[in-house]
Amino acid sequence: MDLVFAEATPSGRGGVSVIRLSGPGSRRAAERLAGDLPQPRHAYFRTLRDGREELDQALVLWFEAGSSFTGEEVAELHLHGAPVVARRVGSALAALGARPAEAGEFTRRAFLNGRMDLAEVEGLGDLLEAETDAQRRLALRAAGGELGRKADGWREMLIRAGALVEASVDFADEEVPDEVPDEVFDLLRRLTTDLEQEISGFRAAERLRTGFEVAVIGAPNAGKSSLINRIARREVALVSDIAGTTRDVIELRLDLRGLAVTLLDTAGLRATEDHVEGLGVRRARERAEAADLRLHISPEGHVDSALWRDGDILVRSKSDLIAQGDGLAVSALSGEGIEGLLAELHDRLALCVAGAGIVSHERQAAALRDARDALAGVSDLPPELVAEMIRQAAASLDRLVGRIGAEEYLDVIFTSFCIGK
Ligand SMILES: Nc1nc2c(ncn2[C@@H]2O[C@H](COP(=O)(O)OP(=O)(O)OP(=O)(O)O)[C@@H](O)[C@H]2O)c(=O)[nH]1
Ligand SMILES: [K+]
Ligand SMILES: [Mg+2]
């Protein structure tokens, strides 16, 4: 591995900007600018110099290979947060033979050096993208290695089962067929149950990670856009008394008490001669069908039954005008019922994620399913077949944590990383 560097803090003006170096020679490069840095993990306050030229006054520290984020020798330069300083220090480092790092390259090195497994890398990526508390918590658990620890436990069960199968084979006696001990099947059944449980929490965790889509639908002039604006506390969408005002789907991202929710304002549903409005209505239906939940908006409490699904919410809008009817009464004008509606929406979505596990990526779920499937129908088979099933399941768990087959995923994962991470 060569020596790479990048600004670890966002580029731009700020209090401090940190340049991180990783790879063999990190310490020496830092010392060329800062002078002697005798001890690892000690912060030295130094004047950085490029030849005779003073570059900045900085806090400098380094970490030995094996005890850094990347697993390589790492140095950090904490500079004054001016872009020109970071640029100038960067060019001095380049002159010393360091190369600017690519997006996610530090994390990639951490993975390649065994400091993180693939599920942790995915968790770290999720953490960088998290917007709400629920997303942050899930990502932090994943980045902290929870899935890898579970996988280790499962592997141990497989190793033990494999050893018992081996021991059951009597090579000396060809006459009597070998029998796999019951303990093996007990172990594999327990493992299968664990895997099933983890798999069953996948969809909920995925929802938690990616967030929910909630479509706001109803007849023209029902007050959909007004409601969205009220919730957003700003003019997200055009409002008018002309039916058919909204055409395109307008998205409003919300942090609903920790849950990530995208509200979709949609065109009023009706048959129309207007070509463009018709396109909007079609799109409204499509997005409404694909959404996790729908708010059906109607001053009279009517719903489009073709789009009604279990768990949807009927909202009786313009409650300041019409005093009674079915549905949750809400007025975008007075604000009545808005908090209650958001609370109800939160509670329903929270129900959907109640069983969330730690597995939140399709890749991870697929590896777990493969492991489970490898063990399906394991009872009453000869030892050679049982041993082969155990090997297959172990390979799937290896894939889960990226011990094998990680290459094809790394590039995809690191596209969401920034330079310096
Ligand atoms: N009194 C009262 N008027 C409302 C309320 N909500 C919306 N309106 C009025 O109803 C009309 C239609 O509101 P919009 O928010 O544009 O309705 P929409 O459902 O988005 O309409 P389209 O986009 O055309 O489908 C406007 O004149 C709003 O001012 C409300 O809570 N109370
Ligand atoms: K309207
Ligand atoms: Mg509208």
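Every residue gets a Cβ built from N, Cα and C, even glycine.
If you look up TrEMBL, you'll see R20, E76, R115, K421 marked as (6S)-5-formyl-5,6,7,8-tetrahydrofolate binding site. Under the DSSP three-state reduction, E76 ((6S)-5-formyl-5,6,7,8-tetrahydrofolate binding site) is assigned to strand. In sequence order, A8, V18, I19, R20, L21, V60, L61, W62 are the residues of the chain that are 6 or more apart from E76 ((6S)-5-formyl-5,6,7,8-tetrahydrofolate binding site) and have a CB within less than 8 Å of its CB.
DSSP gives A267 (GTP binding site) a coil state; it is part of no helix or strand. For A267 (GTP binding site), the count of additional Cβ atoms within 10 Å of its Cβ stands at 27 [all protein chains shown]. Taken from TrEMBL, the feature GTP binding site covers 221-226, 240-246, 265-268.
The K(+) binding site annotation in TrEMBL covers N221, S240, I242, T245. When secondary structure is read from DSSP and collapsed to three states, S240 (GTP binding site) falls in the coil class. Of all Cβ atoms in the protein chains displayed, 10 besides its own lie within 10 Å of the Cβ of S240 (GTP binding site).
Sequence annotations record features per position, and here TrEMBL assigns Mg(2+) binding site to S225, T246. A helical conformation is recorded for S225 (Mg(2+) binding site) in the three-state DSSP classification. Spatially close to S225 (Mg(2+) binding site) yet at least six residues away along the chain are V236, A237, L238, V239, T245, T246, I250, D265, judged by Cβ distances under 8 angstroms.
The domain 'TrmE-type G' annotation in TrEMBL covers 211-350. Taking the domain 'TrmE-type G' (211-350) as a whole, pLDDT averages 97 in the prediction.
The K(+) site is defined by N221, S240, I242, T245, and by the 8 Å test on Cβ atoms against their centroid, the other residues of the chain that qualify are P220, L238, V239, D241, A243, G244.
In the three-state DSSP classification, R115 ((6S)-5-formyl-5,6,7,8-tetrahydrofolate binding site) falls within coil.
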